[in-house]
Protein chains: 2
Amino acid sequence: MGESDFIAALKALASDPAARGLDDDAAVLELGSETLVLTHDVLVEGVHVRTDEDAADVAWKLVAVNLSDLAAKGAQPIGVLLGHMLGEGDARFIKGLREVLEAHDVPLLGGDTVRGSGPRSWGCTAIGRATHTPVPDRRNARAGDGVFVTGTLGRAMLGFEAADRDSDHALAYRRPSPLIAEGIALAPHVSAMMDVSDGLLLDCFRMAQASDISIDLDSSRFPVADSDMRDECVRWGDDYELLFTLPPETPLPVPATLIGKVGGDDLAPLWVDGEMIFPKDGIGYQH
Amino acid sequence: MGESDFIAALKALASDPAARGLDDDAAVLELGSETLVLTHDVLVEGVHVRTDEDAADVAWKLVAVNLSDLAAKGAQPIGVLLGHMLGEGDARFIKGLREVLEAHDVPLLGGDTVRGSGPRSWGCTAIGRATHTPVPDRRNARAGDGVFVTGTLGRAMLGFEAADRDSDHALAYRRPSPLIAEGIALAPHVSAMMDVSDGLLLDCFRMAQASDISIDLDSSRFPVADSDMRDECVRWGDDYELLFTLPPETPLPVPATLIGKVGGDDLAPLWVDGEMIFPKDGIGYQH
């Protein structure tokens, strides 16, 4: 059974809209007068984090990528649960965990620690409370909307092999910042929103497909960290910026860059400078 | 850093009562007018499940052990999230997952699928809504209470190596039933409650320690599946029955067996037939 077949079978088990929580957006759950947002991400040694990664950075990233999923829903985090496989660097893991929880004022609610052998994996479930309903998702971009992205892309890529572990770029890679406040500010205004975890182009493609529209990007507008590596900066991923669409005339609620517009083209979901681009062209990190 | 040091460090990061969610009871979270119960358990191939286990049974057990943690809180499940490492038997995994979700009418909300190598691990987060507050936990057993356990102990142990995969005992091992309805019926009445996942004796020891009382058990009362293996039946674990204490004179809300009483002894937490018993005596599955 291939990965995509497996995910399709899983989605068939989940009732829409819950299915959105599978490898896509976080799940949304109505509970009394509250709306919960739930996400679960797993990091695997050698796949998502280097085998020589500082365990403090693994802990930070594990929590931060889940909080980023909440941010894309405009949700206020209310807690995390961890699944931790014991091993090397556990004292560093605790240090990084303390730092990321304190930095975002999120309580550790619980979890499980297990023994294992071979490459380690770590799971994190983050729970948040929606601050705006309907909760934004990637499926509602509309023709005529502007396409925006926060921040600067490619910082994590440049930081991945940076010699100075404490440079801004290195920290962007090691210690990504989930944009929780920005997500909350954007939620009432956006037509669609998601975080950019796997590269701007791939995530734009996904948003366009999910919304059944096309996205036309102008590459000269991409806010990249290194203009000599423009292409790499929008394909590498790990930046955890927010990608969103806004109806025309809507004032921008947070600083962001207009990078294109939503069209209704049905030939292809993604266009860059007038050319169709597909995932098979290697436009991002597919896992 | 040893396992117990790591868990202690984790607990120091979590604020009480949230800390209870770490390897102990599920976490309890007030949210508006609702009380959420959250639990996260990880199964590791070769540690918690045999390497040759049918993936359908792995999926069942993964969800069932988490639902059992909710049952011990008297919580009604509202959904699960999964962390799944792709590999052999994924079609069987989907089958078992569908079966356990349908059997307990629990929706799949989301999760993550990852590639990995080496022994696989699976994580599950279960979310429930408390049906009674205060939510029961293991910490409130009181001197004078009766100590009770549901069902019959040792069935999973007998089923572990059963030749007939479809015998009652084999199903008790492969397809444990979380006692959700029983937990809900018990929640308003118990002084303390937890599930028996690691063996009756070890879990009694833990309840006694957490409640700062002693538990005095009468081994002749143990409801065991094989009276020739009385000792093994109360040490092997994996039964997912409910262990609880009731104040004197409280009518029994569900069928269960009185196995002892709560005392105030401060010499040792656990006594069986008048003798002190400790975890170092090998009284259960410690992971």
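Keep in mind that glycine also has a Cβ here, set from the backbone N, Cα and C atoms.
Database features, via TrEMBL:
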type    : residues                               : note
BINDING : A:Asp25, A:Asp69, A:Asp195             : Mg(2+) 3 binding site
BINDING : A:Asp25, A:Thr39, A:Asp69              : Mg(2+) 4 binding site
BINDING : A:Asp41, A:Asp112                      : Mg(2+) 1 binding site
BINDING : A:Asp41, A:Asp69                       : Mg(2+) 2 binding site
BINDING : A:His48, A:Asp238                      : substrate binding site
BINDING : A:Gly111, A:Asp112, A:Arg138, A:Ser197 : ATP binding site
BINDING : A:Asp198                               : Mg(2+) 5 binding site
DOMAIN  : A:24-129                               : domain 'PurM-like N-terminal'
DOMAIN  : A:142-246                              : domain 'PurM-like C-terminal'
Of A:Asp41, A:Asp69, A:Ser197, A:Asp198, which binding-site residues are close to A:Asp238 (substrate binding site), meaning a Cα within 10 Å of its Cα?
A:Ser197, A:Asp198
Given the binding-site residues A:Asp25, A:Asp69, A:Asp112, A:Asp195, which lie within 10 A of A:Thr39 (Mg(2+) 4 binding site) by CA-CA distance?
A:Asp25, A:Asp69
Going by DSSP, is the residue listed as 'Mg(2+) 5 binding site' part of a helix, a strand, or coil?
coil
Length of the line joining the Cα atoms of A:Asp41 (Mg(2+) 1 binding site) and A:Asp69 (Mg(2+) 3 binding site), in Å:
9
Within 10 Å of A:Asp69 (Mg(2+) 3 binding site) (Cα-Cα), which of the binding-site residues A:His48, A:Asp112, A:Arg138, A:Ser197, A:Asp198?
A:Ser197
Quick one: of A:Asp41, A:Gly111, A:Ser197, which binding-site residues have a CB closer than 8 A to some CB in chain B?
A:Asp41, A:Gly111
Any idea which of the binding-site residues A:Asp25, A:Asp195 has the thinnest Cβ neighbourhood at 10 Å?
A:Asp25
Of the binding-site residues listed here (A:Asp25, A:His48, A:Asp198), which is spatially closest to A:Arg138 (ATP binding site) when Cα positions are compared?
A:Asp25
Nearest of the binding-site residues to A:Asp195 (Mg(2+) 3 binding site) by CA-CA distance, picking from A:His48, A:Gly111, A:Asp112?
A:His48
Select one residue from A:Asp41, A:Asp69, A:Asp198, A:Asp238: among these binding-site residues, choose the one with the most other Cβ atoms within 10 Å of its Cβ.
A:Asp69
Cβ-Cβ neighbours of A:Gly111 (ATP binding site) (radius 10 Å):
27
Given A:Asp112 (Mg(2+) 1 binding site) and A:Ser197 (ATP binding site), what distance in Å do their CA atoms have, once rounded to a whole number?
26
For the C-alpha pair, I'd like the distance in angstrom between A:Gly111 (ATP binding site) and A:His48 (substrate binding site), rounded off.
21
How far apart, in angstrom, are the most distant Cα atoms among the ATP-binding residues A:Gly111, A:Asp112, A:Arg138, A:Ser197?
32
Taking DSSP as the reference, which of helix, strand or coil describes A:Asp69 (Mg(2+) 3 binding site)?
helix
Would you mind reading off the Cα separation of A:Asp25 (Mg(2+) 3 binding site) from A:Ser197 (ATP binding site), to the nearest angstrom?
11
